[in-house]
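Lifted from TrEMBL, the feature list:
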TRANSMEM  A:21-44  transmembrane segment
DOMAIN    A:62-176  domain 'Ferric oxidoreductase'
TRANSMEM  A:64-81  transmembrane segment
TRANSMEM  A:93-111  transmembrane segment
TRANSMEM  A:131-151  transmembrane segment
TRANSMEM  A:163-181  transmembrane segment
TRANSMEM  A:187-207  transmembrane segment
Ligand code: HEM
């Protein structure tokens, strides 16, 4: 950030878009995240959601929760690969939309699918592993949504905040497992999501490994012989 | 065997007005053209403009519940050979050519033989059977099938005493169907012989007064209304009388989830979801699922003394 500040009279480019462009991009992403909801709403009104509209909504909301989680997880690798650092400024909104779609998905289940049949809902959450896992994912998203503001980052401190928000990895894994376990026989779709997630997490693991080796190489001269543990600080 | 009428039908309802009208409508249509098999063979296989079935009569086994609209019945299907989304069969099943079509009836039979679809239609008077259909996934429909009792076909081949089960093999053409081994192809289903001979067990050739659309299992499929829908195999090419319980496709895919019997049973949950309730397509709220899908009075006797939790 600081280096960007110094090069002040910057020519706006893809890497350094002007503030107005960032605002416009944010607005666009905001609308894109809402678009499927509008489609579902209009489809419900017009009765074009197929023979089983409740199922259509459950599937659409679940799919968007998972997609947005993966898109959120793609921000860091994309930023690193492309050098487009401003992508980071979309991440909070993407994460919050993942949570919002998760809530919509859960609300669809509670209301349209189960009609608040609490006994059946409790039984599902306790007895059906795919529901248990989905529920766990949603519950884990709650603290992340609550600490997504600047104040929370300041209160927690960057490192603790980051550690907390790494649970996104677990949430995404739970989301894929939830999907995998709910299909009857055809695992093609969940397998595709699993592959994307594996790539996103794999890239992080690989970069961390590179970083570890780099630090190790730098630390070896001092560390050799005295048995000190080298602390690995993730970038 | 004494076959009771379903409890939800009072005698006065057996031939409701709408059915009369439908029949008259049909008879008018049929008499103005060639009735029967020739008609079946001669006409193109798309659209629902005119009925292409021989005459059929209403059945006392029909329910008087509101029928699921034709559009839902023909656009919301599980026919995995044509794709695993509900909308896939309606999109892709048109590629299947259903004539000529023959059904081999073989195995432990005194007179095994192959039937052309035209011959099948003449084995017994066709009936309209308005049945509830309960899918293992938790939704249901009410569908007016047209067909004949499977027993009428099986009688023709004279099952041997050693025949205990009936295996149904369905059409599989990798050129136009899913090649990924989502299930073991061709799709195989099975019934115990007494289930197959039960008067409710229907060999359906039509739906809503017309020939079966491809996505619903044209030209001939099984309908076993007291079992989950996947037991009712579509587009059947062979029926085998066998001694051992057939290895059915879903049972092979997940034996703990899809038992051989797969009778509709609200008390036996699928390992991943409850079967206590169902959503009738077209309705928002779920309704309780009935034991044997509401056909208990007719079929419970088949399972006397059996533990239905163990034999799910
Ligand atoms: C309270 C938590 C949740 C409950 C009760 C729940 C319940 C369900 C149900 C009932 C279905 C439909 C199953 C079927 O049609 O057989 C479903 C589908 C799905 N859910 Fe969830 N879910 C929850 C949380 C989540 C979360 C957090 C995610 C994402 C990370 C998610 C992603 C999905 C996906 C991707 C599908 C499948 C969509 C499709 O088939 O196209 N769910 N969920």
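Just so it is clear, glycine is given a Cβ too, placed from its N, Cα and C backbone atoms.
For the transmembrane segment (A:163-181), the list of distant contacts is 62, 65-66, 69-70, 72-73, 95, 129-131, 133-134, 136-137, 140-141, 143-144, 147, 156, 187, 189-191, 193-194, 197, 200-201: same-chain residues at least six beyond its ends, Cβ to Cβ under 8 Å.
Across the domain 'Ferric oxidoreductase' (A:62-176), DSSP helix (H, G, I), strand (E, B) and coil residues number 103 helix, 0 strand, 12 coil. The stretches the transmembrane segment (A:21-44) and the transmembrane segment (A:93-111) are in mutual contact, each linked to the other by at least three Cβ pairs under 8 Å (pairs 6 or more apart in sequence). A:93-111 is the stretch from A:64-81, A:93-111, A:187-207 with the greatest number of Cβ pairs below 8 Å to the transmembrane segment (A:131-151). Sequence-distant contacts of the transmembrane segment (A:64-81) (same chain, six or more residues past either end, CB-CB distance under 8 Å): 33, 36, 87-88, 90-91, 94-95, 97-98, 101-102, 105, 168-169, 171-172, 175-176, 179, 193, 196-197, 200-201, 203-204, 207. Mean pLDDT, taken over the domain 'Ferric oxidoreductase' (A:62-176), works out to 96 on the 0 to 100 scale.
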